[in-house]
There are 2 protein chains.
Amino acid sequence: MPSFKITLAYDGAAFSGWQAQPGRRTVQGELERAWLEITGETVRLNAAGRTDAGVHAAGQVVSVESTTTIPPESLVPALNSKLPEDAAVQLVECVADGFHATHDAKFKRYRYTIYNDARRPVFCRNYAWHIPTPLDVVSMQVGGAHMVGTHDFASFQSVGSERDSTVRTIFAVDILSPAAPGSARGSARPPTTLGPNDLRNAPRAEPGAAIITIDVEGDGFLYNMVRTIAGTLVEVGRGKRPPEWVAEVIAAKDRCAAGQTAPPHGLCLQWVAY
Amino acid sequence: MPSFKITLAYDGAAFSGWQAQPGRRTVQGELERAWLEITGETVRLNAAGRTDAGVHAAGQVVSVESTTTIPPESLVPALNSKLPEDAAVQLVECVADGFHATHDAKFKRYRYTIYNDARRPVFCRNYAWHIPTPLDVVSMQVGGAHMVGTHDFASFQSVGSERDSTVRTIFAVDILSPAAPGSARGSARPPTTLGPNDLRNAPRAEPGAAIITIDVEGDGFLYNMVRTIAGTLVEVGRGKRPPEWVAEVIAAKDRCAAGQTAPPHGLCLQWVAY
């Protein structure tokens, strides 16, 4: 059956995550309803990343099999007219039959945002983890470099996931902040070679505040992996652990070895490459 | 009576503006309630800028006369514990008796933000005016330069204001966008000499999108003046009027000569200097 690829942004604050659940307001539920209203077809959508409640997406990719004759460029405004204001279709493309947004994803980039300021946040309250005490960003960058490469990330997987293998390849851990400008030491390639459409998501900053962004790019991610990476790097940034501790956490292959799971609202799926 | 100066940020999306109104959720109402709960005093607060519904503040300044013995640094967390999450006290200072946030303000800077992208916004939907067709930013900068200086801004005042004089001095009209980097031609001084605490408010950008910011700094503003300046400059940016038309609008001293009043949610009070 013909397939469509939908690129979608959403503010996760008021959604119970991507995945459709009875009685809950979910992104999948809203988009499937919009698709039905526009095309008359009841479909099941597949997403590249099944984001949790509170998690945002700047460039989520969704696939759908459909026989609709509506041109893709017309589907964008049509679907948006049926979507709530906190979700927006950016692009619809015809793709090869059998395209599957989840299984065909080659790599993805997530951004974890930290608001590192003593003042209470207003504008980024739904988009960043508030840490009032100053973090040592350079130590976080050195720590993050240990994650780049192919490793068994079992220590960074929350209970509840059902992956066969916990080996993943991380291409880059780019940690940026006004206090430590330039590309992070943990980066395996320059942040200018980002990916399709350069779907970077500028942090929603408080005025004059220190925003720290942790971008993690990899070929796949375990459940809560980026949030656990962020929580682990924050332990390093707080000075509670040295940067080398990150290598020990990886080697332990034990979730208890890593730092806390950072809260969901700091996370954003930036883009997916196929 | 001893006076306190409060610096305050708020997300205006869910407020019916600054000014207290019966039965409405206003910033003044919330802050006066918080002050009462913390100090036991019923006070009347004065704000530097009485922002309308939907308008944001990164550095609103509020004055209050009070005999409280609570130290200013303790008032910050105490007041914040009583405020909703879309308003936050940043700083409380003891100031000279008789300080009045409205009357003593020397100059203010407002920022008007435009999301100039064909895609529907998600993250900046409450913080920027969405204009899908590309604007000519250089023309807007040339047009904005005509506003710098001391002029009668009667053309830029909405009905409903009660100012004696409509003469104001505009120090800078700084128009920035990724498409036209660098300081705007309309600026009378470099944007690095901003003001107290450098309370600039980074735009909450969509990924890869063109954000245009219009910063207007002046010794005072008429009712809806910045929004009318933004609406007028957008006429120029759309190519409907030449940049020189802005001088004609000023000379006309007639509200009907100017462009539309831009929507409130793109506006943010950045800071106030005393």
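Heads up, the Cβ atoms here are built off N, Cα and C, so glycines get one too.
TrEMBL lists A:9-101 (among others) with the feature domain 'Pseudouridine synthase I TruA alpha/beta'.
Taken from TrEMBL, the feature active site, nucleophile applies to A:Asp52. DSSP gives A:Asp52 (active site, nucleophile) a coil state; it is part of no helix or strand. Listed in sequence order, the residues of the same chain lying 6 or more apart from A:Asp52 (active site, nucleophile) and placing their CB within less than 8 Å of its CB are A:Gly17, A:Trp18, A:Asn224, A:Pro264.
Other Cβ atoms within 10 Å of the Cβ of A:Tyr110 (substrate binding site), summed over all protein chains shown, number 25. A:Tyr110 (substrate binding site) falls within a strand segment according to DSSP. For A:Tyr110, the entry in TrEMBL reads substrate binding site.
Annotated domain 'Pseudouridine synthase I TruA alpha/beta' per TrEMBL: A:146-274 (among others), in sequence order.
Summarising the annotation, TrEMBL assigns compositional bias 'Low complexity' to A:180-191.
Per TrEMBL, the feature region 'Disordered' maps to A:180-202.
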- Across the domain 'Pseudouridine synthase I TruA alpha/beta' (A:146-274), what does the pLDDT come to on average, as a whole number? 80
